[in-house]
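Straight from TrEMBL, the features:
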- A:22-586: domain 'Cytochrome oxidase subunit I profile' (DOMAIN)
- A:39-57: transmembrane segment (TRANSMEM)
- A:88-118: transmembrane segment (TRANSMEM)
- A:138-165: transmembrane segment (TRANSMEM)
- A:185-210: transmembrane segment (TRANSMEM)
- A:222-250: transmembrane segment (TRANSMEM)
- A:283-304: transmembrane segment (TRANSMEM)
- A:316-336: transmembrane segment (TRANSMEM)
- A:348-373: transmembrane segment (TRANSMEM)
- A:385-407: transmembrane segment (TRANSMEM)
- A:419-445: transmembrane segment (TRANSMEM)
- A:457-480: transmembrane segment (TRANSMEM)
- A:500-526: transmembrane segment (TRANSMEM)
Amino acid sequence: MSAHVEDAHAHDDHGHHPKETFITKYIFSQDHKMIAKQYLITGTIMGVIGVMMSLMMRMQIAWPEEPNVIFKALLGKWAPEGVMDADIYLALVTIHGTIMVFFVLTAGLSGTFSNLLIPLQIGARDMASGFLNMVSYWLFFISSVIMVCSFFVEAGPAAAGWTIYPPLSALPLAQGGSGMGMTLWLVSMAIFIASSLLGSLNYVVTVINLRTKGMSMTRLPLTIWAFFVTAIIGIISFPVLLSAALLLIMDRSFGTSFFLSDIFIQGEVLHYQGGSPVLFEHLFWFLGHPEVYIVLLPALGITSEIIATNSRKPIFGYRAMVASILAIAFLSTIVWGHHMFISGMNPFLGSVFTFTTLLIAIPSAVKAFNYITTLWKGNLQMNPAMLFSIGLVSTFITGGLTGIILGDSALDINVHDTYFVVAHFHLVMGISALYGMFAGIYHWFPKMFGRMLNKKLGYIHFWVTAVCAYGVFFPMHFIGMAGLPRRYYTNSNFPLFDDLANVNVVITLFALIGGVFQLVFLYNFFASIFYGKKAVQNPWRSNTMEWTTPVEHIHGNWPGAIPEVHRWAYDYSKPGHEDDFVPQTVPMYEGEEELQH
Amino acid sequence: MTALLSILVLVFILVAIWQMVKIFDLTQVGNKEANNQVANDTDNRINGYLMIGFLIFIYVITIICFVKFGDLPLMSNSASEHGPGIDNLMIISMIVIFFVQTVTQFLLHYFAYKYKGEKGRKALFFADNNKLEAIWTIIPVIVLAGLIIQGLFTWTNIMNIDTSKDPLVVELYAQQFNWKARYAGQDNTLGKANVRLIDIDRANILGVDESDPNAQDDIITTELHLPVGKPVLFKMRSQDVLHSAYMPHFRAQMNCVPGMITQFSFTPTKTTAEMRETPEMIDKVANINRIRVEKSKELVAKGEEGLERYEFDYLLLCNKICGKSHYNMQMKIIVETQEEYEAWLKTQKEFKYSLVTVE
């Protein structure tokens, strides 16, 4: 404890900082701003890998079993003569899901923006523990490397789907990918979970303890509320996945029978007795469903902040927004069974989970309506970040609404595991969270790199992405309702689905265009780091505290004392002030009323 | 080849757009405003109009999808007794979704257009309103209450199996990568079974207990025949990994889990022949065959075999990822009259006669 006090002391005292070497500044940095950038760059690289995998899957679905030079170049022995192998298709499905959910939208999104914004927006010198923060990033880095390396083992990477249900994932006899590939998957995820927990604990402790004077919980920007609650959900649910992974390792390597029983495979009876795969499903989804909100809530927090700033209006219903974040967080931990309506569990449990699941629609609706009301009579500044935030609200509504169908056990019977599900969750958590991440990058790029992203490239990026996202996932609902199962390598063995082949080609074309146009973003991102227009201190004329720090990054964030906070973050266009924004650090003038919130 | 061409086209489009941006930038060189990467009034206006364009795009894609794919037979042509219940609930949910989607997307994009920023204008300071919050909390509560109640009735109705109606008991047996069906025979009671009893040499492939008297008249088949109008109780087993027995036309699905027996029950209401004669199905099959004829022409031109003509059959598909050939794990389902069914069953071998004696 005393070490911590001294540490805090050292931060307050700027003149005597030890000289930083290249290694302590850029590699083993303990500065939250640098760690945020490390998370962002690693997440971006993983994102590129994940998206490329999805494009290969889409090409296989649209033009099944046709030779393709891209497959030949990228998949090597897994695409003899350029024809994709069925095993590697399932591996792509699996690793694409894993990378996008955990490595891009959990670590890449939360890791980047929680790290960057929590200290800056609450007025702290750094995270509570800079060292743990650094360890958290490097564990994430190691787990990313292991996950990518699993593509290069003899029998191929894990291929049991990102949900890795045993027995498929437990038995190398069932599938090549369940050998070394699955071992690496489990090791990588175990390290990832350790990283995520260290990060989350740090976020929670920082938000609770290190707020500057005047920054009460009810004055926190909604970004911080979202990151804070996300971290709590992570701490509650990730350990359960860790235990599931450990038990699966036991079953795989030490002959226990937690998840396995009565198995006859490839001519032999295995010794397993008494376990149940349904137990694994429960453990997996106890994380798996909250994970959806771990991915989505930070994106919604970012959106709240950006929509308010760019509408030049207070976010509508601050208290309701906080309440709905809390309600979603609570409900998210008691709905996991809706992934298991037809898993063989008691139908009565199905009824209970239908009830709790559909309740989530209420706080979600409140959030959507509050966003729309925030736009009403605003003075909307159409920056790329704002476009992505509006895009997020749009996909959140479209994707969220079909949840009413999937959460209803009776309807789930027929659309479970079809493309309807794929369309639903990609829109509501994939695209929405990705838009949140893009919005955050466009908005806080000046804070991260001291330069601006090019707005025209941003506009092109947004509009093409927006059209393609709907082009891909909207028709997908319909092929799902027609009964097309997901995770099929090709549909050509089912003449029943021949009339959907053209739709699949259209979807793939949209996916390819959308995928290729992400290059616009990548170019903009990397070129602007070096050649972007120099940023001013507060380019978006925003109220939150990160914009009171100098453009050049310094250890400890503020050169002098940390400013005091006098008001909430959303005094935009407040009557009685000349400017249309009033930063949180501006004291109340005499007689000014603070909103009751 | 098609893929390669499309990718080339994409790359060229990209290059072209990049060039256009360059040119655009060059024409703006004179503009030396300090904060010029922040949206100005022109950007606000253009993007505001694009928001309306995007709203129209969403509506158009919705209309196209509903018109073109909205009544794929699977959505309106169920073949089981509980099917219409699910379909009705689906339609009600769809109407709710369609309404909410249309209105909220309109408000979102229209506001984005209507209130696009102008220099010097000030936004309305409007931070909270309890009445509005209450309205959009209570309305979803009411709508969802309705949906939940109807959903739970439908669900309970399907999942609570009524054994008093003496359903036909059939075991669905899943393995990588095929399905087997085991009929309970005259006694309508399945013999005990466990994968530990599998004896490939004796052709006891499902691990049926040879000493169980109930097992003797069981019948194992690779096609699923069901008599129309009679409730069927499926008992599902899997010998290796998770599978899912998905029978979309009957609105039926249940996972097959190694180590436990799961169950699902439904009553088929249309024979295969009747289903083939429904107008929707005739249209669908004609359409599919038109597509297949075209595809065959291409294949024949390449010197490969053409595709066979498609005739409708009910199918059982595997719908839980189960390994390499997951995409081809299917079984034909034939629904027929009681007489046809009995005649077919008589041609099948009973378990006790299907075993091979090993010397």
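Placement of Cβ uses the backbone N, Cα and C atoms for every residue, glycine included.
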Dominant neighbour of the transmembrane segment (A:138-165) in A:88-118, A:185-210, A:348-373, A:419-445, A:500-526, by Cβ pairs under 8 Å: A:88-118
Candidate ranges A:39-57, A:88-118, A:283-304 - greatest C-beta contact count to the transmembrane segment (A:500-526) (under 8 angstroms): A:39-57
Interface-richest range of A:88-118, A:185-210, A:283-304, A:419-445 toward the transmembrane segment (A:222-250), CB pairs under 8 Å: A:283-304
Criterion met for the transmembrane segment (A:283-304) and the transmembrane segment (A:385-407) (at least three Cβ pairs under 8 Å): yes
Non-local residues, at least 6 beyond the ends, that sit with Cβ under 8 Å of the transmembrane segment (A:88-118): 32-33, 35-37, 39-40, 42-44, 46-47, 49-50, 53-54, 56-57, 60, 75, 78-79, 124, 127, 133, 136-137, 140, 143-144, 147, 150-151, 156-162, 164, 175, 177, 181, 185, 189, 192, 195-196, 199, 203, 206-207, 223-224, 227, 230-231, 234, 291, 294-295, 298-299, 302, 429-430, 433-434, 436-437, 440, 444, 447-448, 487, 489, 546
